[in-house]
Every structure is written in structure tokens, then in C-alpha cells.
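Asker: One structure, as C-alpha cells, below. Some questions next.
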């Protein structure tokens, strides 16, 4: 299976897993046009996976279903997803084109957010980003941290397929928090070169994220010290470290939406 991110909007990625015969699994098609263009080059939509209900992740589905009415769609139980789809949740598994996906519930960004894991690939929507994490629109810091910790416990060779190209803007905040992290400095340089070349910075290995993403390193002494300085007091616990980082990032001059 060939993994290909298709750019959409300003910074979204629609992830595709394409079999040798062109049949493809599509993750979070916020727009139909990139899929229709790929179809003109041989891609055959076979199934759609949706991580959450936000329009920039599901907006292209109605048009795709007009073109392929029997195309199966798998998504979380959420009344805001106004589609004919298969409702899935924590503990479910999917077998599509010979790939088995484990479904896990990762609340925080939204209440019903799902993540798909298969063949060492992690399709995490807006829960985990390269060098960052999603904003907490519906859940709590405790929920979001727990979701991130579940993902952090996966095998380090797991390749992280995020919903947005946010590496450089996230790197600016991460380096503000953790300026002496040499692995982080190197990642920023590599990401800058890739973007200048017009290349995606994703997927990224979970191992790299564990070494550089402050939202996955809330127990690290350097991150704890940075949040203590920001708060001007010692954080109560790891949840407060995380919540402080998230609030700090929300107000950082270089912002991501979401």
C-alpha cells in the first residue's frame, strides 16, 4: 500500500492508502476535489475513514458519495455527522483492502474524536500534530493528555499521519519552550528545508515526536521547568503542565487553527 498525503485548503492533508491496482482508503477528505483529481490519475475510492466531525475533515464526503453512492464511510457516533455511514468506536477493528485498523477513542479536540492505527501508521486527525497537539474545543485537559499518552505508548516506529501541516509553526512554540533541545533544533531545520522544497513534513516517526514534541514530554524536567517559569509557580501535576502548555500555545504569536 502506498501512503500519499493530498493537500487540501491551506494546510490540511487528506491521507490516502493506495493498493497496486489503484483502490484506495481515504482518511478525512475535507474537500472532494483532491480525490477527484487523483481519480483522474487512477485512484479508485474504496472506503472513507473519518476521525471527527469538523468540516475541514468531512466536507468533501457528500460530493464523493454523489459520485460513488456505495462508498462505505466509517466515522464516530456523532449526530453532527449528517451522512449515511457506519458508526464505529473504541475497540472496533476494520479490515479494508487487506489492512486491519484498530479504532481508539481519543477525546479532547472533540468529544467523539477517533484515531485509526494500522500497519504502524497512525491517523490521528487533530489529536496529535507534528510538534504539537490540537486545541481542546470540547474535552478537558485531562482527557486530551490521556489521549496523547495513549498514542505516545505505541511502538516508536509508528508513523504519525496528522491532519494538518503545522510543523514549522509548532516548531516555533516548541523551541520557545525547549530552546536547548538539539533534536528539536535539527527537526526545525529539516522541516524548513522540506517546506522550501514543496514537500510535506509528514509522516513523522513517533520516536521523533517523543524526543521533540513538548505536549508528549510533559513529564520531562525541561518542560516542567519551562511551565513553572511561565506560571511563576510550580505546577500542581502533569495535567497542569499540559494545560499550561496548551493555554500558552493558544496565545503564542504564531497560531494554528485548529
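Every residue gets a Cβ built from N, Cα and C, even glycine.
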Asker: Which single residue out of 120, 126 does Swiss-Prot record at the Zn(2+) 1 site shared with 52, 54, 109?
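Answerer: Swiss-Prot names 126 for this Zn(2+) 1 site.
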Asker: Which one, 77, 86, 105, 164, is listed by Swiss-Prot in the same Zn(2+) 2 site as 56, 57, 126?
Answerer: 164
Asker: Could you state the whole-number distance in Å separating the C-alpha atoms of residue 54 (Zn(2+) 1 binding site) and residue 164 (Zn(2+) 2 binding site)?
Answerer: 13
Asker: Helix, strand or coil: which one is residue 164 (Zn(2+) 2 binding site) in, per DSSP?
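Answerer: Going by the DSSP assignment, residue 164 (Zn(2+) 2 binding site) falls within a strand, counted as strand.
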Asker: Go through 56, 126, the listed binding-site residues, and name the one with the sparsest Cβ surroundings, counting other Cβ atoms within 10 Å.
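Answerer: Taking 56, 126 as the binding-site residues, the minimal 10 Å Cβ count falls on 56.
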Asker: Looking at the binding-site residues 52, 109, 126, whose Cα is closest in space to that of residue 164 (Zn(2+) 2 binding site)?
Answerer: 126
